[in-house]
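As given in TrEMBL:
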TRANSMEM  21-39  transmembrane segment
DOMAIN    66-261  domain 'Polycystin'
DISULFID  Cys130-Cys143  disulfide bond
DOMAIN    262-371  domain 'Polycystin cation channel PKD1/PKD2'
TRANSMEM  266-286  transmembrane segment
TRANSMEM  307-335  transmembrane segment
TRANSMEM  347-370  transmembrane segment
Amino acid sequence: ASKHKLHYRKEVEITTTLQELLLYFIFLINLCILTFGMVNPHMYYLNKVMSSLFLDTSVPGEERTNFKSIRSITDFWKFMEGPLLEGLYWDSWYNNQQLYNLKNSSRIYYENILLGVPRVRQLKVRNNTCKVYSSFQSLMSECYGKYTSANEDLSNFGLQINTEWRYSTSNTNSPWHWGFLGVYRNGGYIFTLSKSKSETKNKFIDLRLNSWITRGTRVIFIDFSLYNANVNLFCIIRLVAEFPATGGILTSWQFYSVKLLRYVSYYDYFIASCEITFCIFLFVFTTQEVKKIKEFKSAYFKSIWNWLELLLLLLCFVAVSFNTYCNVQIFLLLGELLESTEQYSDFYFLACWHIYYNNIIAITIFFAWIKNMFLAIINDTYSEVKADYSIGRRPDFELGKMIKQSYKNVLEKFRLKKARKDEDKKTKGSGDLAEQARREGFDENEIQKAEQMKKWKERLEKKYYSTEIQDDYQPVTQEEFRELFLYAVELEKELHYINLKLNQVMRKVSAL
């Protein structure tokens, strides 16, 4: 009775393992849908089009001067008054006809609405933030070090009449910018561009003539945002020009195409349902792990798979938190940003949090697939099966056998296969094999040897390959070893006899 109970317990363990495996596989599919459902090819094409316009467009008459190739202050002002100005202001069709009501806004490539107005921001460092060697102080009395928050210049300079000449503190929650040469905080000397192309050009000329860029300038940011209604995507663009203490200019850029208006189409609502399913899975898995911790206590933390489970749960909770925060901020800020058409709309903050969420969910799915399902979920069953094979014994319960038996039961229910009892009756009714061999003229000694080998085989299989549950492994006795040896000898004789018969047949075939 105890053996049957143990066998039943094994079947329950395997069934539970299969259920957990199926549940985890559904969780992985749901996580993949969430990860890849947030991106689409339009994001790539929108980034590519915009980067081509603002990065690769050259200054008229100078084919090699674009934003990527800027190396001096002169190149920078040429870009500002040329490709940037032409790229931002699209106030008419290609044949100079106005075919739609622009409502005082630019339509870049006729499809992308410029949200608000672009913003230009400069950060500077103070004089004497580094020390000139005494022998060179007669030649150079000023020294501007690298940018740090401690070295930043907060004083007004130049004409001191508008915001571009006066330092302004930051009133946004955008993260600091990590550039090539330093980490730049918000605030600085800021001005926004006009809705008019001619006014903006005059602004650039005025700043250039009055030396808005100085020796203390360390970085200039150009920020603006677009919206394409055709694909429901926002494109947040930041062009960065860093001025190292060594001289020259290093340029970099960021193009973020994000879907801030999340739930618009039927597919978006399908993604929303997957998000709800993800939360349900998270609740179920968390409950399971809490029960395991209560049951095993400190022993729970000795398994690396348990630590991986906790890491996955932590990443899932962080992803849910980021997603919730992004949706709340979009709900609170999006309407306000869209209303201020005459001011700079800071979508960079929303884009950054959206990118953070994408990164977290990508890391989560990475670790979810790294977790080996067959070792992490059915680790105990796998170890037992491996141990059984290592000592030369078939496993007490085979997963394949369970699946095969279930398959047979289904066939029998649908009457596609006769029941096992019918097959047994048919086998018994076929007659004794030994008697049939005698009728067909086989030698009596060969029949007796075959019967003896069959008995040995059945006895050995019953002893060492039984499907019944055994509490432990039974060692081979001396008598059993003798029987195994005799069995092997008889097999060798039979093989030799079969080879002789085969050679005789082959010689007769060759003689024909």
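Cβ coordinates are placed from backbone N, Cα and C, and glycine is handled just like the others.
Predicted, not measured: the structure shown is a model, and the values here were computed from it.
Close to Cys130 (disulfide bond) in the fold, though at least 6 residues off in sequence, lie Cys143, Tyr144, Gly145, Ala245, each with a CB less than 8 Å from its CB. Of the recorded ranges 21-39, 266-286, 307-335, the transmembrane segment (347-370) has the largest number of C-beta contacts under 8 angstroms with 307-335. Secondary structure of the domain 'Polycystin cation channel PKD1/PKD2' (262-371) per DSSP, as helix, strand and coil residue counts: 96 helix, 1 strand, 13 coil. Within 10 Å of the C-beta of Cys143 (disulfide bond) there are 18 other C-beta atoms, taking all protein chains into account.
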